Amino acid sequence: DEPTRSLSGLILKNNVKAHYQSFPQPVAEFIKQECLNNIGDASSLIRATIGILITTIASKGELQMWPELLPQLCNLLNSEDYNTCEGAFGALQKICEDSSELLDSDALNRPLNVMIPKFLQFFKHCSPKIRSHAIACVNQFIMDRAQALMENIDTFIEHLFALAVDEDPEVRKNVCRALVMLLEVRIDRLIPHMHSIIQYMLQRTQDSDENVALEACEFWLTLAEQPICKEVLTSHLVQLIPILVNGMKYSEIDIILLKGDVEEDEAIPDSEQDIKPRFHKSRTVTLQHEEERPQDPDDVEDEDDDDTLSDWNLRKCSAAALDVLANVFREELLPHLLPLLKELLFHPEWVIKESGILVLGAIAEGCMQGMVPYLPELIPHLIQCLSDKKALVRSIACWTLSRYAHWVVSQPPDMYLKPLMTELLKRILDSNKRVQEAACSAFATLEEEACTELVPYLSFILDTLVFAFGKYQHKNLLILYDAIGTLADSVGHHLNQPEYIQKLMPPLIQKWNELKDEDKDLFPLLECLSSVATALQSGFLPYCEPVYQRCVTLVQKTLAQAMMYNQHPEQYEAPDKDFMIVALDLLSGLAEGLGCHVEQLVARSNIMTLLFQCMQDTMPEVRQSSFALLGDLTKACFVHVKPCIAEFMPILGTNLNPEFISVCNNATWAIGEICMQMGAEMQPYVQMVLNNLVEIINRPNTPKTLLENTG
């Protein structure tokens, strides 16, 4: 029974993974021998299982201890028996995937000098499965520019061209993958053939096999990053643009997977595995310029429009390619696009109209200047699409509108901002979860662009966001916290009005009380509360005591757990330090928002002792957040920091290491705040920090914020 045989092989593989070092020598030898004896099994499932077993043993550091493995596998490739040849190739492909660097090193006497020419011979084999293995093996060595491959590069490229129109989709996919990687590492060898390669990739991007089309579509993404892009691609845009636009339609299978026909699902709870883990971005302190919140360019990630299908697919790849090409060609793209867009955006079929809205969003960044004359007509049309009867049209309209938020905000508010905001707030309360998610993300982008322009509508906005609290399932709640936090960041102290506080705080505090200390949903909620506390300032006072206490508890629990783990790693689990980082950041938000009012809270807690430990943590993000908090406490209640200065200053001095740029930045900022409070009493500590600061200010390529803080 094949499944039983395969399962026994996988169980053996797991044992090898866990305990190979302690196998008795004869057992290890027996396994290795049997693997090689049975690599040509009649069943492809068993051949694949043995291949997995072989590469697992090999990656246990055994490639050096198993010198006969590679010669024997290469030898078996010559077998007349198809199964033996295919089994050996399957095993070799897995070894090449797992150990590519080792194979190209002196440790093994450079086996690639023999293997690569050998693999190239098999590009012409009569079996498509073997041809495909051969290309896949060589492909493993392109990105690392393996010497043996570079010496045979022209033969490799000739062989690839010979296989360009292979009838087997797997072979075509591997050919496309090879050309995309070569474009990145050996463009010099492709330039003489670039015209025909582009023609070939135009065909493959429309391949009947979606996997081939997807590999080919990557070519345009990679080409856009090459300086030569404009000169080689300009004459082909007229063919390429319609192909990319066509690839941006949802396929039938996408629509089924996305439950595109389910319009109302708000009452269905989320399954836990749909919720992607969130990572907290630790606080980085900058000198404030006219009270503006620092916007870190690394933090603005494009929220993609169909996140839950997070498998990369042709639609996403085509959209990403159009986006990067729009950034290369700017307005020159529009003559090829505008005629298509007109047809798509007003098309009666929803799938086609939806793809047009995606196209419009994809080019927003690159073609913004050229699009401006059309926006007065397009934005109202998109706002209308927000109430389309298809949920997938409503959700993409949210995303595309958010990509034009900057322009919307630059116009008189009654023209577009007000209608857009009114409609987006309705979508936040949509009966479809995907639309809720897209609307919340879009609204957060709009908040960042509009800032205080939103103040007149605050009451209306808060009513919507608070109503969503009672309506949302788990996943979207996490996005809602973000929209509320961004609102607080955007309008700042304008939020500090009794009627707004009355609306906003009860539901937030209710969630705060429901969540246990071990629940990761605390992360987004703590981040949100941090923004709210900073914005509300004294308005947050009635809520600060329990919030402050809990943050201190979270830090204390994490430190205690880390200590237990360090002493007895076999008995205890390592703690998730994100709990501590987020708590430190919320304490910073409290100190910043409450100012001197935080003094009595600090007086009644052991936060300074905990901070002393956090500042010495092995994890850079923990140190980064603790220095931010130290600086904020220095500003808010120096009386509690001052007794600790003698202990803290040497730690700050050792963290002036620009290898950890954000840690260094926050330590520098905290030292500056301490100096302002200490005045002449700073004298004994100058030597601890001065040399490092002088070194940082003279380093080339130091980021602006770090230079400002150092200065």
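Including glycine, each Cβ sits where the backbone N, Cα and C put it.
Those TrEMBL annotations? Automatic predictions, nothing curated.
The following features are taken from TrEMBL:
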| type | residues | note |
| --- | --- | --- |
| COMPBIAS | 297-307 | compositional bias 'Acidic residues' |
| DOMAIN | 2-40 | domain 'Importin N-terminal' |
| DOMAIN | 420-561 | domain 'Importin subunit beta-1/Transportin-1-like TPR repeats' |
| DOMAIN | 605-705 | domain 'Importin subunit beta-1/Transportin-1-like TPR repeats' |
| REGION | 267-307 | region 'Disordered' |
Remote residues contacting the domain 'Importin N-terminal' (2-40) - C-beta distance under 8 A, at least 6 residues beyond either end: 46-47, 49-54, 56-57, 60, 62, 66, 69, 72-73, 76, 79, 81, 83-85, 87-88, 91
Per-state residue totals over the domain 'Importin N-terminal' (2-40) - DSSP helix, strand, coil: 34 helix, 0 strand, 5 coil
Per-state residue totals over the domain 'Importin subunit beta-1/Transportin-1-like TPR repeats' (605-705) - DSSP helix, strand, coil: 82 helix, 0 strand, 19 coil
Helix-strand-coil residue split for the domain 'Importin subunit beta-1/Transportin-1-like TPR repeats' (420-561), DSSP-based: 127 helix, 0 strand, 15 coil
